[in-house]
Amino acid sequence: MCGIVGLLGETPSVARNVVTGMAGRIVHRGPDGGGVLDHPDATIGMRRLAIVDVAQGHQPMVNEDGSVALVYNGEIYNAPKLREELIRQGVHFRTRSDTEVILRLYERDPESVERDLVGMWAFCIHDRRRRRAVLSRDRFGIKPLFIATNGRHLAFASELQAFDRTYAPLASKFELDRDAAHAMLAWGYVPENATIFRGVERLSPGHRFDLDLTTGTGRTRAYWSLTPSIEAARVRSLDDACDLVESALRRAVHEHLESDVPLATFLSGGIDSSLITAYAAEKTDLRAYTIGFREPRFDESPHAKKTAERIGVPLQVETLDEDQARQDLANALLAYDEPFGDSSSLATYMLCRHVSRDYKVALGGDGGDEVFAGYAKYRMLRARRWIDRVPGLRRLAHETLSRLPSRTDRSTRIGNLLRVASKASRGLARDDAEAYVALTELGTIAQTAKLVRGTTQASRFERLAVERFDAARGSALQRTAAADLFNPLPNDMLTKVDRASMAFSLEARVPFLDHRVVELGVGLPERFTLGTNGKRVLRALHERRFGRELAQRGKWGFGVPVEKWLTTSLASACDRLFERSRLERFGLLEPSELSSATARRAWLERDPILLWHAFALAAWCEAKLGDGPDALREVLGSPPSPRASSPARSSTVRATSEEAT
């Protein structure tokens, strides 16, 4: 795994300085080396985290005659198999790296290089002979790729913070997008392909961008679309479904173990990470890691310990308390280069730091909920169909639920029930597509409008989500999964894991997002995925391996007690971040809703998660639009050094650029 950057359409003498600076801003993604390559019309660079073919897999990589150059971030898990097939066809290889496999596939068929790849990637290929560049992102957006272009010049990067905002031809692209900031308050992240900057976009998962460097014209096109497995659709029994899923998931996990360095796993004790760890332990010695909390309501570590004992792997627990959270919060927020309000990001950040002290690769269970219907909203959408069988029942249910208090404090059982009831009420009032959006947002655009200063057009993101749901094929459940795989998964879950892991030069792998597993899971009949509590087939697999007690416990998630922290250890930080003068300076958040303790208390009672989103947005403004990262650390009471907690092994790796010519 690495970080990639580049500038297309600029003269090499100018571009080299820009790209060298871009690569230097993401050294954390690749501390094992790097390079910058000048081609006519294209200067590309990268930072490398060496996992496979440590000695020879350097980038940028060029073919023998220098006509094709590649920078690439990710891992191709079927690279050994693809290499063998290409060798049988007479292709010569100089390395064992998966980078060269992509290069040779492009030489063989430039239009379908992604077709046979199994893995995660973001890459840029520059073809001197054809005077074209190709940028591509994996099927589910596991690896990030940002693009800024004015039609003549194009810059790309693995992280927003890599871009040179002083580069004159693209400087205007970094104007703040108020619509995106408003949407972040509702979702907790910037949705769809947007970013916090008006002129910078994410390349869509499963898409590539072809740029003609002669004419300056570009075209974005999908190279893959989700097609549910026909074999899975024909399954008639739960046992057969279990056998099919177990075979596919076990194969994916075993392929994800391809590495020249040792691996670890993230183990929460939940179903998904437990299965991943169990299948991985069949093939290699490993260690599992988890986060514990002082608050029992949030602490899954006892379950993780039981699971690790059953598997027979050692488990290390890192305990997160309020004092540690306050010290780490600024650096955790700064790891995300745009406003990011997922409350579990701090725990993920600490977990990745803990793992990175001894490992460079870790496997996790992300994607299992989207692929196998693990979220409550899937069951809510099914309930709509049942309710609609009785005339007038949906309206009655909506009116009844909407009268309940809307408090969403997740730290209590009643708070959780009211939160679910509030979401259910919003879902019942709409058709399937609108219900999906209502159940996916943590707060509506209309609800969060009070937090925003002035007006925005952020409702366009809700319309885009509706259109995406309507455009998906299959049943309501399959369309929900397809929509989740395109927006919440890459922009929230995968962003959280990518930035937190790469902040400590740790590669995170997600076997559930092997596209063959996804196609199978989405293709299964609904009765084998939803069940009573969701993920029926995975629960059955888990029960086979661990017994009924561990398999049937409820879903916990990976949250942290932000509702409590906002009124205790972070109370003074709230006072300072939400000062009227600060909010007026940045012009995004409404002071009358946030500057006084009384106003904030109202939001805490109404919806503390939305207040946390506002906290994250205000922190980003202070760091990126205000007085900088150190000012944010001072406000939050965090230690001043941004890399004070870096993994110990980082002191032994090179952080200097190597030039490729």
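Cβ coordinates are placed from backbone N, Cα and C, and glycine is handled just like the others.
Annotated in TrEMBL:
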- Cys2: active site, for GATase activity (ACT_SITE)
- 2-214: domain 'Glutamine amidotransferase type-2' (DOMAIN)
- Asp98: L-glutamine binding site (BINDING)
- Asp366: site 'Important for beta-aspartyl-AMP intermediate formation' (SITE)
- 631-661: region 'Disordered' (REGION)
- 643-655: compositional bias 'Low complexity' (COMPBIAS)
Integer Cα-Cα distance in angstrom, Asp98 (L-glutamine binding site) to Asp366 (site 'Important for beta-aspartyl-AMP intermediate formation'): 23
Integer Cα-Cα distance in angstrom, Asp366 (site 'Important for beta-aspartyl-AMP intermediate formation') to Cys2 (active site, for GATase activity): 20
CB contacts for Asp366 (site 'Important for beta-aspartyl-AMP intermediate formation') [other CB atoms within 10 A, all chains]: 25
Set of same-chain residues at least 6 away whose C-beta sits under 8 angstroms from Cys2 (active site, for GATase activity): Arg29, Gly30, Met46, Arg47, Arg48, Leu49, Gln59, Val71, Tyr72, Asn73, Gly74, Ser158
Within the predicted model, mean pLDDT of the domain 'Glutamine amidotransferase type-2' (2-214): 94
Cβ neighbour count within 10 Å of Asp98 (L-glutamine binding site): 26
